[in-house]
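A.B. asks: The structure that follows is given in the form of structure tokens.
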Amino acid sequence: MNILLVGRHHGRARMLVPGKQAVVAVVIALASAVGGAAWGGYQLALQQVAEGDAETESHLVSRWRTRLVETRERLANVEERAEHEIDALTRRLGEIQARALRVDALGQNLVAAADMGDQEFNFDAAPAMGGPEAELSGENQSLADLEDQIDALDSRLRSREKQLALLDRLIANREINNQREPDGRPVSWGWTSSPYGYRTDPFTGRRAWHTGVDVAGRDGGDVVAVGAGVVTAAKQKGGYGYFVEIDHGDGLQTRYAHAKELLVSKGDIVEKGQQIAVMGSTGRSTGPHVHFEVVRNGNRQDPKDFM
Ligand SMILES: [Zn+2]
């Protein structure tokens, strides 16, 4: 092995021929240098790897931290939104409760106006919960509380709906009954000229049973239905002259006799107070009047009780 040495100052190379020992020493030196470098590099590499891991870990932690902060913010947003929604729901609930209270007040007025027993129509029952104002002023409520209140309100409104429907039907029926119930006089103008019961017959002068009430008026005056019903007869009928019979249901009928002219026909539906005939003096009559009869279950009644 030859070692070429290049001198800095001398400008020319010198060839050395080292001895065997020198060569061994150089080889050992070189080997140790390379080995040291490799070891150092390995150590450095290890260190770098360790540092790299540490770097990754701290990066992850910071990412987690960021994620956590974001999640917390999101949660806070959700909570805030939920609070807003609960507040909105609570306000809405308050409005509905106020409306329910107004419905109750309306129901009470109806019951009072219709003069119905308030046992079955108890609209002034205490609400299942406090007023809306108190609820709004406090902390916002839990969703479970709200759901409970909404359920309670819902069932309360349902029961009110049922009550109001029933009340409506009863009032409508009573309206019809009121309409059907014979009540009032069979003329818009006139006076009672002969009552129901025994009287002296105007034709024979003998004591006789008068089956109705005579209401005198002017010729051409109107004869009106005393209740709503169905016309079961509208014809000329012997001593009754021109005659109208109205069925009011429940076995009740009214009869109007001695008309000058009939304004309804059999089968017509008439309203209470509707003109059904023109006053006259047809049949067994001494002057313009209406002979008015009330028949209940086939028996004549004193019309006075219905007038
Ligand atoms: Zn009569």
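Backbone N, Cα and C atoms are what each Cβ position is placed from, and that goes for glycine too.
For reference, TrEMBL lists these features for the protein:
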TRANSMEM  21-42  transmembrane segment
COILED    61-99  coiled coil
COILED    136-163  coiled coil
DOMAIN    210-303  domain 'M23ase beta-sheet core'
A.B. asks: Can you check how the pLDDT averages out over the domain 'M23ase beta-sheet core' (210-303)?
C.D. replies: 95
A.B. asks: By DSSP assignment, list the helix, strand and coil residue numbers for the domain 'M23ase beta-sheet core' (210-303), in that order.
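C.D. replies: Secondary-structure breakdown of the domain 'M23ase beta-sheet core' (210-303): 4 helix, 52 strand, 38 coil.
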